[in-house]
There are 2 protein chains.
Amino acid sequence: MTERIDHTLRGRWSPTTGTLPPHALKWLRQRTGLSDVRTPARTPDVPASALSGAAHAALDAVVGPGFVRVDRDSRLGRTGGLSYLDLLGQRGEGTPAVPDAVVLPATPEQVTDVLRTCAEHDVAVVPFGGGTSVVGGVAALRGDKAAVITLDLVRLDKLVSVDPVSRIAVLQAGLPAPQAERLLAPHGLTIGHVPQSYERATIGGFAATRSAGQASSGYGRFEDMVEGVRLATPVGEWRLGTAPASAAGPDLKQLVVGSEGALGVITEVSVRVRPRPRVERYEGFVVDGWERGSATVRALAQSHLPADVTRLSDVDETEVSLALAGGWKTAALKAYLRARGVAEPCLLILGWHGRSEDEIRRRRKETLRGLKLLSLGRALGEAWRHGRFNGPRQRDTLMELGVCVETLETATHWSRVSELRTAVRAALSDALGNCIVMCHISHAYETGASLYFTVLAARDADDPIGQWQVAKAAASEAITGTGTISHHHAVGTDHAPYLEAEIGGLGVAVLASVKRTLDPTGVLNPGKLLPTGLASPG
Amino acid sequence: MTERIDHTLRGRWSPTTGTLPPHALKWLRQRTGLSDVRTPARTPDVPASALSGAAHAALDAVVGPGFVRVDRDSRLGRTGGLSYLDLLGQRGEGTPAVPDAVVLPATPEQVTDVLRTCAEHDVAVVPFGGGTSVVGGVAALRGDKAAVITLDLVRLDKLVSVDPVSRIAVLQAGLPAPQAERLLAPHGLTIGHVPQSYERATIGGFAATRSAGQASSGYGRFEDMVEGVRLATPVGEWRLGTAPASAAGPDLKQLVVGSEGALGVITEVSVRVRPRPRVERYEGFVVDGWERGSATVRALAQSHLPADVTRLSDVDETEVSLALAGGWKTAALKAYLRARGVAEPCLLILGWHGRSEDEIRRRRKETLRGLKLLSLGRALGEAWRHGRFNGPRQRDTLMELGVCVETLETATHWSRVSELRTAVRAALSDALGNCIVMCHISHAYETGASLYFTVLAARDADDPIGQWQVAKAAASEAITGTGTISHHHAVGTDHAPYLEAEIGGLGVAVLASVKRTLDPTGVLNPGKLLPTGLASPG
């Protein structure tokens, strides 16, 4: 299987360019003051590799000849993730951190050996799965080390075992989600984890970042599905997970999940799986106004029978969806809503997965019991489903057009959801001026919900990086104290300065002590998760 | 509220004595070879307090005069928990560890100050809630310290706040569960956490031990309900929990939950609450044989709509239940089952909580869809519900009669549940000879289940302590490698030797490093959770 994958170039270096439909472009120009000057990408500089000959040879000895790459394409192909700033860097703006080498281990044992070797040779290690981090999680920072490698887990692509009775599959960390699903399909099983990064993201990345998928209402967050982990560290291998639940002390699995490569490298995950649904049904509804919409989503989340997919767009996001879609159907829909007296339409997508149409019909009936929702039918739900992974592709197009486009997210308890949404919107608008801020709830819990923001603005021609940094800082400040700094994007570099406000000085000290135990020389993913300086041996 | 509680004597020093019905006693004698010699309790020795005058004065200054108790009754009243060995100790057999003083702080701030004071004065601290640990969790061990106090949290008994929209209540750690429910009742809310220790156990104890309640299928384990925690440590206070879910690094809350007083003292818990059910329905069913029974419980746990209470007794536990009940109803039931061809009856209790009879009827129908169960009606379910907290009381009676009676529990994935049950039963029978071993599943998950064992044997007249220690060691060895050493009883002293086999050497090292950060001088609950010697500063 490994042979079929091109290890040289991950294909991440050729942003898809495209075009917006004329009506959407016109609307965008009206709303953001976007000019019609294109901003084509340039090729970034690639410095010479700083990996010493001795380190290179030692790594060669671990992974075998040909699996330590120092060529330009391999290194560029793992330069950063998919944040707006990453993409700017990859378009030749700013100075992205390029790894000195890319190392491709084939087994969990090799990963441990690579880490030990790197600790011996003063080389920092950045674990790399799908490279879809939008918070700087895979930036090739070397910290205080002599060099930095990107540890690409692409060759760890095996389905290790399946226990259909216990509904557990052991999957290697480098498996991209679609490939994991393909391997599980013959067993009639699915993970059911579909974040927007689904097409590229890996099992290990899901666990390392506490990922949440679009169907998290039904399938849970990824950490809810982790039954066990196998972690490689510079001091040896650590395995956890013997039971579905335990009171054998603190849940250390939850210390590994979300450790973002800073405490170790996840090499295998025991994942709770479920029978593949035979039927999926998606349906669009409209609710009048954000408050009514979020109250509806809350009622669903607090009921016994939430839908598997629950996603509420605010008025702005709903408007943008319709504007981008365009055409006679949109016009007809708007007229229909006006006629029904819906002043502030908020789109609600609900999705059910099940064994049969009959089962889904019963569940749908029970879920919707007592709720006042205006159904827009299945076509709208299916349209959302069809386009749900398109965000990243649309972003490439928008950046080409000179749009500053980025997302950020948080979560809080229900009583503060609207206050937090208002505060973040205000912070972004104040910082960016003429911009569009959209918001949706895509993950609802009994006690609260996530808020996911998408921002569109005309890019600052002189300082596009500074423009976004100011806006991001403003949003992060608005979040701090009311919500979590990240609901599912993780900490990376971008949120590290805000972690202490959330988990306290003792929280940071605890993480640092765990890091010193597992990574005594501090080679693992420097600058991620823990603020720089706190993670060094002390 | 505090004033109404007798802080001197917790009333734990007067084991209820009682009698068994004659038919039950006869049956027990047949099955275990029990003699008719009674074993009355003696009063244990209480050594002089080792608390120094300086430490006493410093603690007085923190909690106020009268709240540092060194009298005999106060100290004896917090000697150990409720394990069989604890109860033997309290009956004057063995040498139970008596605390040198009992300290009763009134606020979270006072708890932090007490810990700081104890660190300064070389005094070990054993946090104490309901005192219901059955694994040595509240044994007053001093480790290498000059003295040991029991920190009784009984005065931390406030409902701090309620957020009905987010369904979160902030509760102080010393609140016993029934009192917490009484405080929530006027808000129309419930925690829904009902372990067998319900009548005495506290909110802080639930969190510190990762408790699981009889209704965990519906309400979740206690750690699933913890939205936030406030932890006192000798180095200051640590607060966690800003959102229903987060990707801001590892979930440190799950490091505090299950920390058993060894990493800090939980003073407040933000608990997810739910509307109080207006209707509860319990129903007894019978399944023919353990394998069919556990497959049924698995199907329930893997369905969308499990019951709130799910409990399957094996053939032996079912037989004992019937034997203890006795009377014409039992005889009639046995005849009924024989007539239906049920060779190996296993009792299954299902319970539903809901807003209305109608809702429960719909849920029941959906839950039972496709299952082949023989209903024995609601009376049997209600009988179980009525007697479900009686275990501890029955135990006092049995010990008075000379019975060695203890419980232990584990959990594993579904594919190993039966193998594990067989292994533990064999280990106990081999160790104890003529004995009764009963087992039930009371907590079922998608990927596995708990196994709860109750053991009855005639006590060894010469060495009752050694008799149980041998049996417990045999059972723990049988569990290790297949299941978790504890599903909801926690680690305490009894399971500490088996923790490394479960979480690995690195797991123990990680916990020890966290302990060094939060408890640098090692005053917190010595000998619990971490094996002695590993938790000292290093």
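Any Cβ shown, glycine's included, is placed from N, Cα and C.
Within the listed segments B:1-22, B:353-374, TrEMBL records region 'Disordered' for the stretch B:1-22. Distance between Cα atoms for B:Pro127 (FAD binding site) and B:Tyr452 (active site, proton donor/acceptor): 26 Å, as a whole number. Within 10 Å of its Cβ, the residue among the recorded positions B:Arg311, B:Arg395 with the fewest other Cβ atoms is B:Arg395.
With respect to their backbone Cα atoms, B:Tyr452 (active site, proton donor/acceptor) and B:Arg395 (substrate binding site) stand 16 Å from each other.
For the domain 'FAD-binding PCMH-type' (B:95-276), the model's pLDDT averages out at 97. Separation of the C-alpha atoms of B:Gly129 (FAD binding site) and B:Arg395 (substrate binding site): 21 Å, rounded to the nearest whole number.
Using a CB-CB cutoff of under 8 Å against chain A, none of the recorded positions from B:Gly129, B:Gly131, B:Val265, B:Tyr452 qualifies. In this structure the C-alpha atoms belonging to B:Arg311 (site 'Important for enzyme activity') and B:Arg395 (substrate binding site) are separated by 21 Å. Secondary structure at B:Arg311 (site 'Important for enzyme activity'), as computed by DSSP, is strand.
Rounded to the nearest whole angstrom, the C-alpha distance between B:Val265 (FAD binding site) and B:Arg395 (substrate binding site) is 30. Secondary structure at B:Arg395 (substrate binding site), taken from DSSP and collapsed to helix, strand or coil, is helix.
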